[in-house]
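Pasting in a structure now, in C-alpha cells, and then I'll have a few things to ask.
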Amino acid sequence: MDHYDSQQTNDYMQPEDDWDRDLLLDPAWEKQQRKTFTAWCNSHLRKAGTQIENIEEDFRDGLKLMLLLEVISGERLAKPERGKMRVHKISNVNKALDFIASKGVKLVSIGAEEIVDGNVKMTLGMIWTIILRFAIQDISVEETSAKEGLLLWCQRKTAPYKNVNIQNFHISWKDGLGFCALIHRHRPELIDYGKLRKDDPLTNLNTAFDVAEKYLDIPKMLDAEDIVGTARPDEKAIMTYVSSFYHAFSGAQKAETAANRICKVLAVNQENEQLMEDYEKLASDLLEWIRRTIPWLENRAPENTMQAMQQKLEDFRDYRRLHKPPKVQEKCQLEINFNTLQTKLRLSNRPAFMPSEGKMVSDINNAWAGLEQAEKGYEEWLLNEIRRLERLDHLAEKFRQKASIHESWTDGKEAMLQQKDYETATLSEIKALLKKHEAFESDLAAHQDRVEQIAAIAQELNELDYYDSPSVNARCQKICDQWDNLGALTQKRREALERTEKLLETIDQLYLEYAKRAAPFNNWMEGAMEDLQDTFIVHTIEEIQGLTTAHEQFKATLPDADKERQAILGIHNEVSKIVQTYHVNMAGTNPYTTITPQEINGKWDHVRQLVPRRDQALMEEHARQQQNERLRKQFGAQANVIGPWIQTKMEEIGRISIEMHGTLEDQLNHLRQYEKSIVNYKPKIDQLEGDHQQIQEALIFDNKHTNYTMEHIRVGWEQLLTTIARTINEVENQILTRDAKGISQEQMNEFRASFNHFDRDHSGTLGPEEFKACLISLGYDIGNDAQKKTGMMDSEDFRACLISMGYNMGEAEFARIMSIVDPNRLGVVTFQAFIDFMSRETADTDTADQVMASFKILAGDKNYITVDELRRELPPDQAEYCIARMAPYHGPDAVPGALDYMSFSTALYGESDL
C-alpha cells in the first residue's frame, strides 16, 4: 500500500508486519484479507446485534467503526454524529482514529477522508491496525509478545504432532494440519486426527474451519480453496484467524498453568513426606540398636576364668571396630538428613518437621550419650577384671604350693607327738627324746611363718572374691586347726618329757648339735626351693630388674650356705667316727632328727639345679618386658603425632566455617578437599589400632610415653569426621538457601560477617542475646512491645540502623523470631537458621492462597472440585494423591463426589490438618 504505514510506540508490531505495498496489489491477497477482516469484525459486532457486509462501504459513516472499537475495548467512545453529511462521517471516523491513537498506536498516512471515501487499501490497513492492537499485541508467551509470542504458542501446541512444522504465518498452514492440530490439542474429541492426510489439504482446511465455527464459535475467516490456490497465503489473514484460536483456548492455557503450579507444590510435598518417612525409620532403627546394646555394656557380671574374660574383651573390641562405627555414620547421616529436610521445608514455606515422640535429634543424642556413658567404664572394668583374675590365679597357685608343702611337713606329726615311747625308754633314750622334742619345737617355730602366709593368702583371695574361696577357706581352716592341735600336742609332750628329765642324763651332744643345725638349714633349703620355684608377675622392666637383683643377692649367699652344709655333714661324720672308734652301740639313727645327710645333699643338689632355671625364667621375662617397652614407645610416638593432628584439624575446620574466603561453592570445594585429606589419614588410625591391640594382647596396662589413650584417639577421630560432614552440610544448605531466596554473594558475606562478629566463642551458633545484638546490627531494634515502626529512633536505640532499615520490634516479636530460627528450642541460633530468617521477608514462595486460586481455576470457579477434573488436569500419581487426601465438600452448592480443595490447600502449609 503506497500511502499506508503503521507503527506503535509499544513495538508490538515488528518491521516485517508493515503493510507490504507490492503484495497488497495481489488480488488473491486482497480477497483473503477482505473475507478474514470482515469475519473478524462480525465476530465482535454480532455481540452488539449487528454486522457488516462490505468492509470498505459499511465503515464509511464511522458508526459501526466506533461500535466495533467499543465492543473490542470494553470502553465508551465519544457520542457519534447522526447526520448523513460528509462532515458528520469524517467526524465519526476521526473519533475512532483518535481512540486508536489513545491506545498507543501511531497511525501514519491513514486519514478519515480515505475511510469515508471507501479507500479499500486504507480501510484494510486500519482494520489490520485494530487487529494488531486488540487481538495480537497482548499475546505473551515466555517473554515474547505479539507475532513472536503467537508463533511460539503455535509451535508449542503443535510440537507433539510430527507432521506439523509451524515456522511462519503463510505456507506453514497451507496443508490445514496446523489448524487441525491446534483444535485436536485442546479438544481431541472434535477431530479424529489420525484419519487426516497431508496430501488432502482442502479436506483438512474445511474440517478445521467447520469444527471451529460449529464448536469453538470462531467464524470462517478464510476460504480453503483460496489458501490452497495461493502460492503464499496472506500472512495477516492467517495471523488474524490463528489469534482467534489463541483467545478461544486461553482458558485452557490458564488451567495448564494452574495445573503446573499444583504439580510443583504436590511434588515438593511428596518429596518432603518421603524424607520424613526415611528419617523416622532410620531413627527407629538406631534407637532400637542403642536399646539392645546398652544392657550388654552395663552387664558387669564377672567371669571365673581368664579365658572367659579375654573373650569378653575381644567381643568389646569387635563392637568398637566393627559394630559401632557404622552406627556413628548413621547418627551423623540422620542429623544431616534432618537439617536438609528442615531447610527444604523452610524454602518451600512448609511448617518445620516434628518427628514422632522420642525420635527428635535431641532424643537420639541423649540415647547416644547414655550408650557412650555405659561404654565408658566397660573396657576399664574388663581390664581390671583381667588383672584381678590374673592376680587370683597367681595367689591360688601360691596357696596350693605352700599348703601342699605344709601338709607334707605336718603329715604324721600329730601321731608322732601322741607316742608314749618315753614311758619304757631308758634314761639315755628319754634325754634323746627330750632333745628331739626341742629340735621339733624349733622346726615348728620355723614353720609358723608359712602358716601365717597361707592364712594371709587365703584372706586376700577372699577379699578379691575368688570363685573357689569356699574350698580355699576349708583347706586353710583345716591347716590352722591342725596347727593349733600341733601346738597343743607339742606343749603336752614337752611337759611329759620334762617330768622324766631327771631320769635322762645321757645325751649325745653331737646328735643334738647336728639336729639343731640341720633343721634350720633344711628349712632354709626348703624355703630356697620354694622361692626358686615361686611364680612371679611383673609389668615393668624395673620390677623384673628388682627380682633379678634379689636373685643375684640370693646366689651370693650360696658359698656361705655350702660351708654350713659341709659343717653339718662334718658333725655327722664326726659321730660316725666316734661310733667306729669307740664301738658305741647305736640303736637306730640319730634320735634327735629325721634329717639325714643324704636328704641334705639331695635338697642341696636340687637347689643348685633350680638356680639356672630361675636365671633363665628371669632372662625371658626381662626380654618380654623389653618388648613391652618397645610397644609402649611405638604406640606413644604415633599417638603423640595423631592426637595433636586431630586437634589441629578440628581447629582449622572451625576457622574455615567462620571465614568468608571466596564464594560458598569455593568454600564447599575447599571443605570437600579437606574431608578427602582427612579420610586419607585413616590408615594411620588403623595402624595405631593394630599397635593398641598388640599392647592389650601383651597385657600392658599403662604407658608413661604418652598421655593419649586409644579411646581419646577414637573419640577425637569420630568427632573430626562428624564435624567436617556437618560443616559441609551447613555450606550446602547455605547454597540451597541462597539459590532459593536469590541472595547475592555480597549479602551472604554481610550476614556471615555479622554472625561471626557476635559468635565470640567461635562455636558456630549464637545465644539469644548474641542473636538479638546481631539483629540490631543489621537494622532490627528489640524495644518495648508498645513501640511501633516509625522509621527513626534516638541514638540510644541505634538510630542509624533503624533509619537505614526501618525495623522496630518488641520482646514478643523477638520471641516469635526465636521460634522461627530455633524451632527445637535449643537456646542457640545456627548460621543456617540466621540466613533463612534474613532471606525470608523478600522470598517469593508459594502460599496456601496461591494454591487455592490454582485449584479454583481447574474447578471452573467452583468452590469444590471433582475427581474427573483432577484426573483430567493433573498427572495420574498427583491426581490420586489429591483424591486420597481431599475431604468431601459439604457446602450448599455441593454435588455427589465433590472434594474440598480449600482445606487441602491450607493443610499443605500446616494451617490445618490433612
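Cβ atoms here come from the backbone N, Cα and C positions, even for glycine.
In TrEMBL, annotation is done automatically, which means it is predicted and not curated.
Among the features that TrEMBL reports, domain 'Calponin-homology (CH)' is placed at 31-135, 144-250. The coiled coil annotation in TrEMBL covers 265-292, 430-464. The feature domain 'EF-hand' is assigned by TrEMBL to 746-781, 809-844.
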Would you mind listing the long-range same-chain contacts of the coiled coil (265-292), meaning Cβ under 8 Å and 6+ residues beyond its ends?
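Result: 327, 330-331, 333-334, 337-338, 340-341, 344-345, 348, 350, 353, 355-356, 358-359, 363-364, 367-368, 370-371, 846, 851, 874, 878, 881-882, 908.
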Tell me the residue counts in helix, strand and coil for the domain 'Calponin-homology (CH)' (31-135), as DSSP assigns them.
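Across the domain 'Calponin-homology (CH)' (31-135), DSSP assigns the residues as follows: 71 helix, 4 strand, 30 coil.
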Find the average pLDDT over the coiled coil (430-464) in the predicted model and report it.
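On average, pLDDT over the coiled coil (430-464) sits at 83.
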Taking DSSP states H, G and I as helix and E and B as strand, how many residues of the domain 'Calponin-homology (CH)' (144-250) are helix, strand and coil?
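Per DSSP, the residues of the domain 'Calponin-homology (CH)' (144-250) fall into 65 helix, 2 strand, 40 coil.
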